[in-house]
Amino acid sequence: MQKTAPRPPSARISFLSASVLGLGAAVASRGAVFLVNIMLAHSLTVHDFGLFSYAYVTALNLGLFLATGVSQAAGHVLPLTEDPERRRRQLCAFIVLLVALIAVAATALYLSATSISIAAFGSAQGGEALRMAAIVLIATAFTQALQAFLYAMHEHRASASVSIGAALLLLAMLWTMGPIRQPVVALVIFLAINAGAAASQLVILGRTTQNQRGPWRTGRQELRLAFKHALPSVLTTSMGAPVHWICLSMLAAMTDGAHQLALFSVAFQWYIAITFIPATLGNLALPFLARNTGATEAMVRQRFRSALLFGGGLSLALGCMAFLLAGQIFAWLYPAAYGSAAASMRSLAVAAALCGISVLLQQRIAAAGKFWRNFAMAAVYSVIYVAAAYLALRLGYGAPSIGLAMSAAYCCLILFQTLTLQSDSGAAIRLGRSFS
């Protein structure tokens, strides 16, 4: 029986439709995890929640940075690969590279959990939580990257269906269980649902790229191309994980470090929720921008302007809302012990609004093939971030120091990105023609 050919280009949806689907999936998936964290904040003590949040944020940052790095390279290469068989082999190469990176990162985190805990807290009290974080890392990074691969293959509807279905299933299971007393229970449910979502995503990718030549396979040429594009991208995004961990460790080294981490972590969940939206739009925008083979510079500028106005404007609106409603949010949703976290949320709301703009600018530079330029600017951002966090902590700002440092670093990064785009206005056009 002859297999169905991949969907023709005429069935591809517009960027606006893809954005609506992607945002719906992002809101559903992040909202489900967000509610779980609120439930845990009510169930655990502030100290235990601080340890758990430290591990969770470590895993989430490292996992998402790895996934974003690989998916950014895939979103650049796959839309420009016209031959179906070559695209299939190239997609398989990116999946192999992703699995290898996740395995190395998760193993390193698991084996060094005790050492990291001693460096951060002065004791091994967070070692078990970090070992649990290594497992969470596998689930979050793999499903996030597969979702971006689906975007690059134009499967926006299927990707949104999987994300929304997994989120609804997670909420339904937790609702029937009642209050969560042990984080391990929530972890097991989370991993099981992520495994199902990843399996569904792989099935969809298989159907999208099916042909008459048997099972998936890749080769050295595809692996070299994947590594060539993913290396600077992964280095750029992964740089944020250790840098963020250094700043969290400086916060944990304070006299009431675990308490300060808890205050920061509950506010950081709102930062993740806001920045997840421009990150999703970035994963959507990059394939659309990279696909402009033979397009005019005006067309590329117009598509990028639409993405920037939509994603950047939404990030600014959400950041302003979080800044203004920080006090009410913590009064309504969290125990009284977390009331002082509103200050952290305000500083992180400013950082989140700036991050939304920076992410889209970064994707525009990546669409032009300037991956190493992004890496250089990320290195400068990291230095400013650590230096500003150290200074703010020394001045006694406590948990809000991290948000203040991120805001200062993002301001500098946006300035550098804007100057880069002005000097390389036609790079995307030249790059697109080289693939055609």
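Just so you know, the numbers here start at 1 and follow the chain as drawn.
Cβ coordinates come from backbone N, Cα and C, glycine included.
According to Swiss-Prot, the protein has these features:
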TRANSMEM  20-40  transmembrane segment
TRANSMEM  49-69  transmembrane segment
TRANSMEM  91-111  transmembrane segment
TRANSMEM  132-152  transmembrane segment
TRANSMEM  160-180  transmembrane segment
TRANSMEM  184-204  transmembrane segment
TRANSMEM  234-254  transmembrane segment
TRANSMEM  261-281  transmembrane segment
TRANSMEM  307-327  transmembrane segment
TRANSMEM  341-361  transmembrane segment
TRANSMEM  375-395  transmembrane segment
TRANSMEM  396-416  transmembrane segment
Honestly, do the transmembrane segment (132-152) and the transmembrane segment (184-204) touch, with at least three Cβ pairs under 8 Å and pairs 6 or more apart in sequence?
yes
Stretch in 91-111, 184-204, 261-281 most in contact with the transmembrane segment (234-254), if contact is a CB pair under 8 A:
261-281
Below 8 angstroms Cβ to Cβ, which residues of this chain, lying six or more residues outside the transmembrane segment (261-281), approach it?
19, 22-23, 25-27, 30-31, 34, 37, 41, 46-47, 49-51, 53-54, 56-57, 60, 64, 68, 248, 251-252, 307, 310-312, 314-315, 318-319, 322, 326, 329-330, 334, 338, 340-342, 344-345, 348-349, 351-353, 355-357, 359-360, 398-399, 402-403
Please give the sequence-distant neighbours of the transmembrane segment (375-395): residues at least 6 beyond its ends with Cβ less than 8 Å from one of its Cβ atoms.
232, 235-237, 239-240, 243, 246-247, 250-251, 254, 401-402, 404-406, 408-410, 412-413, 416-417, 420
